[in-house]
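**Student:** My structure is below; once you've seen it, I'll send some questions.
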Amino acid sequence: MSKPFSIAIHGGAGTILREQMSKDLNEEIRRDLEKSARAGHEILAHGGDAMDAVVAAVKVLEDSEHFNAGRGSVLTHKEMVEMDASVMHGEDAKVGAVAGVRHIRNPVELARDVMEHSPHVLLIGDGAEEFAFGLQHTYTEQDYFVTDRRYDQLQSMKEKGLFALSESKYPDDSKHGTVGAVAFDQQGNLAAATSTGGITNKQYGRVGDSAIIGAGTYAQNGNLAVSATGMGEYFIRKTVASDIAARMRYLKENVQQACEAVIHGELKAMGGEGGVIAINGDGEIHFSMNTSGMYRASIGLDGRLMVKIYADE
Ligand code: ASP
């Protein structure tokens, strides 16, 4: 008899509207979300570690051009892809993160390498890439990451002089977002991972919450694993991920109460749109968003797959 395990993943939150979603895109996105959840679940089913599961799940979404991470990342004002990622293991508060990387195919793997093979927790830009090339990572051209949709999306934001979430309320037919995963393994470990291209038309050098432990990513065994998506500046200012964990730890709120209090509370009031996926210390999953949708999937303690896009699903 195996012990309980569960996984949840997300592909970004934002203004995701049914009327703007084509049938084909809807199917392709749901297929990728399922593939991601199953990739992580398979590892957990074989007794693997929660960290291996979240990295495998996020990698699937980084490799899909439908999401704002890895291939298909949004573009900076200078028309470059600059990606952020972070991971956290809940057993011993081990963390790794990278920011502003441009030539790394799977930033989530590099974040884990920072955790496992460096004495540091966050590496940025050229330094992160130099570290990567000293390991197994190969140089990947920008062309690999850049898609026509993201280029068009940037031009539209530039014309308006705005920057925006990939799932923004501004006219844009590419509804794709930041990705993340949280998992609970058979040993009782929790882990979280998040990866992103950031926000469209961002300034060169801008770093969002996905690279910041305690803002976009957090995991603590016996308590919570959480991965966020949304306007990163707000998630950093409100330290969203660690705030949810603290509410559970100190106020003894359950995972649902803590997530809803943060996402629909001060974060929303100050204009921070977005959402989180979370798993508590018993493997129970909760999704929370203050947007019209969040691409998400889970395979719960009962082994059942759930794939959803809209908030009201
Ligand atoms: N949180 C990401 C950032 O601000 C964006 C997103 O979730 O789509 O970089």
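Note: Cβ is positioned from N, Cα and C throughout, glycine not excepted.
Residues annotated as active site, nucleophile in TrEMBL: Thr178. TrEMBL lists Arg206, Val207, Gly208, Asp209, Thr229, Gly230, Met231, Gly232 with the feature substrate binding site.
I'd like these features described in context: how deep, what's nearby, how far apart.
**Tutor:** DSSP classifies Asp209 (substrate binding site) as helix under the three-state reduction. Around the Cβ of Asp209 (substrate binding site), the same chain contributes Thr194, Ala215, Gly216, Ala228, Gly230, Gly232, Glu233, Phe235, Ile236, Val240, each under 8 angstroms and 6 or more positions distant in sequence.
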**Student:** Here are some binding-site residues: Gly208, Gly230, Gly232. Which one has the most Cβ atoms within 10 Å of its Cβ?
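**Tutor:** Result for the most crowded candidate: Gly230.
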**Student:** Measuring Cα to Cα, how many Å separate Thr229 (substrate binding site) from Thr178 (active site, nucleophile)?
**Tutor:** 6
**Student:** Among the binding-site residues Arg206, Val207, Asp209, Thr229, Gly232, which have a Cβ atom lying under 6 Å from any atom of ligand 1?
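**Tutor:** Asp209, Thr229, Gly232, by Cβ distance under 6 Å.
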**Student:** Can you give me the Cα-Cα distance between Val207 (substrate binding site) and Thr178 (active site, nucleophile) in Å, rounded to a whole number?
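**Tutor:** Answer for this pair: 13 Å between alpha carbons.
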**Student:** Rounded to a whole number, how many Å is the Cα of Gly208 (substrate binding site) away from the Cα of Thr178 (active site, nucleophile)?
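**Tutor:** Just about 11 Å between their Cα atoms.
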